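What TrEMBL says about this protein:
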ACT_SITE  LYS11  active site
ACT_SITE  ASP156  active site
DOMAIN    86-161  domain 'GHMP kinase N-terminal'
DOMAIN    218-292  domain 'GHMP kinase C-terminal'
Amino acid sequence: MSHVTIDAPVKVNLHLGIHPGRDSRGYHRADSVMVALGVGDTVTVSALPEPPVRPAPASRAESPAADASGVLLAMSEDVGVPPQKNTAWQAAARLRRAFGITTPVRVEVCKAVPPQSGLGGSSSDAASVILALCRLFSLDEKDPRIVDVARSVGADVPFFLNLAPSYLTGAGDVLAQTFPVLEGLPVVLVRPRRGVSTVAAYREFDADPVVPASPAPMLAALRDGDAMAVAAALYNNLEGAATRLVPEILRVKSWLQRRPGVVAAQVTGSGSCVFAICETHAAARAIAARAQDEEDWWSSTTFTVGKRAHFC
Ligand SMILES: C[C@](O)(CO)[C@H](O)COP(=O)(O)OP(=O)(O)OC[C@H]1O[C@@H](n2ccc(N)nc2=O)[C@H](O)[C@@H]1O
Ligand SMILES: Nc1ncnc2c1ncn2[C@@H]1O[C@H](COP(=O)(O)OP(=O)(O)OP(=O)(O)O)[C@@H](O)[C@H]1O
């Protein structure tokens, strides 16, 4: 096998409870309940030829090669950071180092969702790179070094290794419990023009911290597989910080709450995207079209999933 292509689905937070105060790493304690959706980026990882032991002759200097890190990154669009700050690059470089892989690799990311949305796009890219490398080099996905590398790249990355609806504690990076998926629940995503930086949202939260509500109602709803109870229990105490940074989020949320066919709407993660659980896929599609046509907001129609699709 010389390359692996794998999807990188986004997530929404069904419950996000951030606790005031930071730990020694500068992170907040978080109760995070996440579910993956059927939309996202696509990641392809390929093995490149091993670098020659002696310097290459001039004629071979332009063959596809990674830099000294052993990772060559190709993004479908500029996400505003140099390769070394890109989560897909970091995941590949750190996994190679952790497992002593010497074969250079090319990582290609085809972006489909806008950054700074609270959808975890960059975290999912990183997890998909890790899983693709596991397949390419026949690594055991259950090896504890895998989750360590994931966590080192970002708090949301461990969730994306598994993809089942999950309750995470710690900094939102420690898997506490998984649930059966509420397969195929219709969801519409709507994002205002401006995004929210996760770092800025947590800083804004610190300026006026809110003690979080318990995740118990959401955990019970998921245990019961009760979609209406899930919709009734949506919660996010980072929403206030996100909406102070981008007030248009509130307009998106109240617009969604007024649309026929919406059961409930909530900001995901640190925003700026708002998601709505809908009664039907047709209602979700109609709302996405209106958001795009009438308001010029980015939108996408999707559904909840519990595992990833593989391509090869
Ligand atoms: C908002 C959420 O997406 C909810 O799922 C996550 O909490 C953020 O996860 P993420 O994007 O993977 O975040 P990271 O890349 O690990 O962290 C970015 C920055 O967010 C802040 N951060 C993140 C997670 C957390 N529990 N506490 C924090 O204070 C820290 O300043 C950190 O430097
Ligand atoms: N692979 C990547 N794709 C997109 N952005 C990346 C990537 N790697 C690093 N970044 C940086 O991370 C920032 C946040 O991207 P991301 O799409 O994960 O936002 P987000 O959905 O708000 O994240 P989260 O939900 O984890 O808070 C981007 O603005 C960009 O500067």
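Note: Cβ is positioned from N, Cα and C throughout, glycine not excepted.
In TrEMBL, annotation is done automatically, which means it is predicted and not curated.
Separation of the C-alpha atoms of LYS11 (active site) and ASP156 (active site): 9 Å, rounded to the nearest whole number. Sequence-distant contacts of ASP156 (active site), defined by Cβ-Cβ distance under 8 angstroms and a gap of at least six in the same chain, are LYS11, MET34, GLY120, SER123, SER124, GLY172, ASP173, GLY269. Take the CB of LYS11 (active site) and look out to 10 A: across all protein chains shown you find 26 other CB atoms. Remark: secondary structure over the domain 'GHMP kinase C-terminal' (218-292) totals 42 helix, 13 strand, 20 coil, with classes taken from DSSP. DSSP assigns LYS11 (active site) to a strand in the three-state reduction.
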